[in-house]
Amino acid sequence: MIPARPDRARPVARPRPAAALRAGLFPWVPVCLSAGIGLWFLRPGLLGAADWALLAAVLAAGVMVASTAPRWAARGAIGWPEADAAHLGALALCFMALGVGLVGQRAAHVAAPVLQWRYYGPIEGRVIQIDRSGRDRMRLTLDRVVLHDLSPARTPERVRLSLMGDEPLPPLGQRVMLTGHLGPPPAPASPGSFDFRLHAWFDGLGAVGYSRTPIMAVAPPQDGVWGLHRARMAISAAIRDRIGGQAGAVAAALMTGDRSGISEETNAVMRASNLYHIISISGLHMGMLAGFVYGAVRLVLVAVQGAGIGLARPLHKVAAGVALAAAAAYLWLSGGGVATERAFIMVAVMLGAIIADRRAISLRTVALAATLVLIYSPEAVTSAGFQMSFAATIALILTFGPWSRIAPRLPWWLRPVAMLFVSSLVAGLATAPIAAAHFNWMAQYGMLANLLAVPVMGTLVMPAGVIGAVLALVGLEAPALWVMGIGTEWMLWVARFVADLDGAVIGVTKPPGGVVALMGFGAVLAILCWRPPGLRGPASRVGLGLALALLAASAVLWGTARRPLLLVAPEGEAVGLMTPAGRAVSKPAGGAFVVSTWLQEDGDMADQMVAAARPGWTGDRRDRWADLPQGWQVVHLTGKGSGARALPECRARRIVVASEPVAFDGPPPCLLLDPDRLRASGALAIEMTPEGPRLRPTARMRLDE
């Protein structure tokens with residue numbers, strides 16, 4: 001008789017931790033997507049078959065680990081803490097890979113020909129956008145472009161032209177022809193500067209230029225959707241005419257998104273006072289409009305119900321539906337720009353939460369809105385608008401709890417105004433570091449301007465605009481527009497008053513690459529580890545410590561940032577030398593945009609004329625010299641014949657920059673930089689070391705290769 005074998009000991013499955021330990025993970029989805037998108041932007045390029053295969057492998061491995069780790073823990077093979085760590089880490093890796101895939105697919109989807117040379121000749125196309133440039137010139141964006149002697153396969157899908165004259169503008173949808181200059185989207189002004197080429201790629205913009213000739217219509221304006229766009233522009237013109245002046249132009253921008261009537265002088269004072277966000281339709285405007293409509297409709301419905309008329313309940317869902325329809329109408333009326341679409345998604349998610357009996361204001365709601373935006377437009381993650389919008393929204397959500405406890409103690413008539421003041425203060429503090437990092441200046445009295453202007457916008461301007469839009473259906477919009485004009489006049493007065501204060505604007509040095517990402521991720525990590533829903537237990541303390549370390553690192557990197565000793569423009573048209581008095585520029589004119597970018601990123605508020613007068617350079621107007629450390633010299637030669645004049649100047653321990661090509665037999669004894677050589681490197685940053693100059697070129701644009 002064979003004795004019975006004892007049962008083999010089985011591991012006892014340990015119970016899984018409480019759900020609260022794993023709660024609040026959805027807000028991490030947009031964070032991981034953003035991290036993946038950011039990885040793509042470190043080296044942007046179209047993904048090949050090998051790249052897609054690698055992403056698929058990462059996703060497959062991540063899904064496998066995420067699905068099997070809980071089963072291992074359930075069988076007792078590993079502990080639940082280890083299983084949860086593996087599960088969440090694998091999911092994070094999956095979403096990062098998805099982020100890379102989203103932006104890679106988007107880059108391929110919008111791929112279009114980019115002009116690679118200078119073009120002068122006839123330009124034909126359909127007008128799809130009219131706006132105003134930073135130099136106060138009207139601009140046309142054309143699609144369905146035809147260029148002389150250029151095949152359709154090599155012709156950009158869209159081009160943008162600045163108009164040098166004051167000729168009448170064509171209507172949207174009109175097919176036009178004019179003669180102009182075109183070139184590829186410009187490269188960055190220096191290594192690490194804003195890369196307009198990437199921005200243009202995602203906009204489908206293959207060339208930019210200008211025209212001095214009259215605009216000729218070659219076909220009648222198209223109907224359909226372009227007829228609706230022309231109606232929008234007609235509404236904009238009617239608002240400008242009814243209110244008048246720059247107040248009317250600002251009112252038109254708020255209602256229709258048409259900023260073509262706003263002068264550069266007004267733009268300048270709005271920037272200097274930190275009120276420029278007011279004339280760029282964003283979440284602030286969409287939220288104010290939807291909030292006013294929601295509150296007004298709900299108040300009317302309650303009054304009707306109080307009068308004894310039975311209505312379907314719940315009333316707040318009806319009000320949310322009407323507000324959503326109003327937001328959609330505002331999206332169309334404002335032209336449907338990228339920032340406006342982003343704002344609409346945020347508002348639609350919040351109103352949808354009300355209709356679905358969910359909390360409208362929560363981190364999960366913001367996370368859902370951010371996720372939808374990143375799926376729809378992944379390149380938005382690098383834009384100042386995206387970062388500032390969500391920073392302000394998250395800050396306001398964090399303020400909502402304390403405010404809900406304080407508000408009941410205030411008089412009822414003071415609560416709306418106080419809420420607008422508090423929201424302006426909180427949003428301003430949340431967005432100030434991001435704005436300073438992107439724009440390299442800070443409006444010192446911007447908080448004052450926002451506290452004086454934003455409440456008026458929320459209580460007077462936007463409500464009057466909504467009422468005016470409704471009354472326009474019966475031709476009675478004049479009183480509402482008059483009220484709206486009073487509000488916009490007040491905002492302009494505030495902007496001018498604040499901009500005229502001494503020291504209204506100060507320069508801020510451009511932070512090194514990665515500082516904004518460190519700052520943003522540190523802030524999000526701190527919020528998600530500190531405020532429920534979020535991590536719990538030791539993980540929250542570790543995460544909070546890591547967040548503080550990231551924020552401290554970003555502050556140290558920014559505070560200790562050093563600007564390059566020498567900067568060379570992309571075509572050799574200007575050279576900038578850092579001196580104790582600031583950056584000294586080799587010439588007082590030429591390369592204006594590049595030089596202004598250098599000075600702005602230095603945190604220097606001087607213009608090119610002032611920078612050119614600083615000590616550091618010697619010589620005449622065309623030939624300039626400056627001494628460098630380690631016994632080197634830099635020579636900048638411009639004008640006709642600069643290539644020939646460079647030959648005798650090219651000697652040992654010299655950097656020679658010429659604005660014309662230089663023909664040199666054999667390797668030159670100097671470091672020679674001319675347009676042909678700079679074409680391969682782009683703008684250069686140069687530092688001097690004991691071994692000689694160390695060059696840092698501008699990153700190549702690999703998307704159009």
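Note that Cβ sites are derived from N, Cα and C of the backbone, with glycine treated the same way.
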For TrEMBL, the entry transmembrane segment belongs, out of 82-100, 481-499, to 481-499
Spatial neighbours of the transmembrane segment (275-303) far in sequence, C-beta under 8 Å, 6+ residues away:
250, 253-254, 257, 259, 262, 267, 311, 315-316, 318-320, 322-324, 326-327, 330-331, 334, 337, 339-340, 342-344, 346-347, 351, 385, 388-389, 392-393, 427, 446, 449-450, 453-454, 457-458, 462-463, 465-466, 491, 494-495, 498
Tell me, what is the mean pLDDT of the domain 'DUF4131' (55-214)?
90
Same chain, outside the transmembrane segment (481-499) by at least 6, Cβ under 8 Å from its Cβ: which residues?
239, 242-244, 246-248, 250-251, 254, 266, 268-270, 272-275, 278, 443, 445-446, 448-449, 452-453, 456-457, 460-461, 464-465, 468, 505
